[in-house]
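Residues annotated as transmembrane segment in TrEMBL: 41-66, 78-98, 133-153, 165-187, 207-228, 249-271, 283-309, 346-365, 377-399, 429-457. What TrEMBL records for 44-484 is domain 'Ammonium transporter AmtB-like'.
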Amino acid sequence: MAAMVCADFNATDSSSTNFAACLIAEESAADLADVAAGLDIFYLLFAGSLVFLMQAGFAMLCAGSVRQKNVKNIMLKNLLDACGGALGFWSIGFAFAYGSSNSETKSFIGGSNFFLSDIGTTIDLAEDLNPGAAYIGFFFQFAFAATAATIVAGTVAERCKMSAYLCYSIFLTGFVYPVVVHSIWAGNGFLSAFNQNPPLGVGVIDFAGSGVVHMTGGATALVAAKILGPRIGRFYDADGIPLPEPKSFPAHSVSLQILGTFILWFGWYGFNPGSTLAIASPTAGAVAGLCAVTTTIAAATGCVTAMFFSTIIEQRKTGEATYDLTMAMNGALSGLVAITAGCSVVAPWAALVIGFVGGLVYYGFSSLLVKLRIDDAVDAVPVHFANGAWGVIAVGLFAEPGRMAAAYTDAAAEHSGWFYEWGQGSADASLLACQVFCVLWVIGWVGATMIPFFFVLNMLGLFRVDPLEEEVGLDISHHKGSAYDLSAPDKDQVEELLARQATAHGKVEAPSAGEDA
């Protein structure tokens, strides 16, 4: 607007002072716009780095949860998740997710910007993005894609072949996950709230990815665990007869588990607040601040709910109260997953309710998997799939109109959470219907793609390791030895050292004995 006013001045205008002031204001406005753009880019770099740090959290959590004989294997798979995710998402995944997303026509999948080739010309993340913003947008979205792939690693730990893992990691990040992203987050996705004509006038509200990221990864993990089968000795004996009680395989390092949990919680402050994609405006700052608060409350509530509910159930069964650290850790992660969809559109008190239910959902779904004899080595399916679904649905119940207007659009705010609509005497369940359909869509899409994929891998013998290799441990059979050097010192050398110590001890004590005599 300043440029238009300055252009109205003519060469004969006597108000030269005003004209000069206008030019200065114009330059200042341009400078401020550049600073704001740079600040937003740096904010995404910072937030994306936090999300990428979650890979270390997953690695520590998985490594601590498996047995000592499989630590190298699970650590390498977590590393390769980042590598496969980077290559798959860079080459085709990002194009499928966001290519042509500014088109007014709804589409199932993107179709441009393969290998980031369109950056600087027709990049379609949003309007008026410069190449720097486009590149940082890819980086931020890649970190999310790698997270979706890593969820599967823990579930199939201790029995999955490395070749199969590489195949499904690239397939998930390069095709399956991007289609879900496009449908919900792209401007022309058929479920997107950013669409000019969203479904039911509102579209799906999944701010940071309870459904897009966590449900997609969790559903893939569930399919993989079912087709791959349980670890040897988990539910069946050597003859294939079901055990009276499932055998538990204790985690080899609680320290790594809790370290991984804290790293993941820390990284979530990039995951949720960072999904504002900007910070230089008052509205973006307010939304990011709300996200940080709701994320914290849901995580804390989920932790104590899962742990104490487990304690109560255990006390009623055995008469003794125990406090399960695994329940506490996974309860916190469940609260984080559950709040991810609605962190920007719900009030802090609603985050407490969402986290509370998330802890119960985790406990219930974890118990259900055991009853169904589905072996999830790290309980990733209850955390990510079950609570991802709950988080998406929770938005349809608790989303507030004012917060939706700030995080999305004024039009989206016309259809708020069902509890608010009901409180106002309305029966409008448009948002809730969209959220339920989102859950069904993710389950259907992942099932339709990943069930045949894993089934073929299994039929070809490419999915599961040899039983002997599994019993010995994948570190020795696949990675040149154990992760820890547990070899004992040479027995003869130990005996020699003990003999020397005994001799030295005798020499010192001998004079004292003579004096006493």
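Cβ coordinates come from backbone N, Cα and C, glycine included.
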Q | Selection from 41-66, 165-187, 207-228, 249-271, 346-365, the stretch that has most Cβ pairs under 8 A to the transmembrane segment (133-153) | A | 41-66
Q: Please work out whether the transmembrane segment (429-457) lies in contact with the transmembrane segment (165-187), by counting C-beta pairs under 8 angstroms that are 6 or more apart in sequence and asking whether there are at least 3.
A: yes
Q. To the transmembrane segment (165-187), which of 78-98, 207-228, 249-271, 283-309 is linked by the most Cβ pairs under 8 Å?
A. 78-98
Q: Among 78-98, 249-271, 346-365, 377-399, point out the range having the most Cβ pairs under 8 angstroms from the transmembrane segment (207-228).
A: 377-399
(Q) Within the same chain, where does the transmembrane segment (377-399) have neighbours whose Cβ lies under 8 angstroms from its own Cβ atoms, ignoring anything closer than 6 residues to its ends? I mean 6 or more beyond. (A) 61-62, 65-66, 151-152, 154-158, 204-206, 210-211, 213-215, 217-219, 221-222, 225, 231, 249, 326, 330, 333-335, 337-342, 345-347, 350, 353-354, 357-358, 361-366, 369, 416-420, 429, 431-436, 438-439
Q: Could you pull out which residues elsewhere in the chain have a CB under 8 Å from any CB of the transmembrane segment (78-98), counting only those six or more residues past its ends?
A: 52, 55, 58-59, 62, 109-116, 124-125, 137-138, 141-142, 145-146, 149-150, 153, 165-166, 169-175, 177-179, 181-182, 185-186
Q: Report, as numbers and ranges, which residues of the same chain sit near the transmembrane segment (346-365): CB under 8 Å and 6 or more residues beyond its ends.
A: 290, 293-295, 297-307, 309-310, 313, 327, 330-331, 334-335, 337-339, 379, 381-383, 385-387, 390-391, 394-395, 398-400, 403, 417
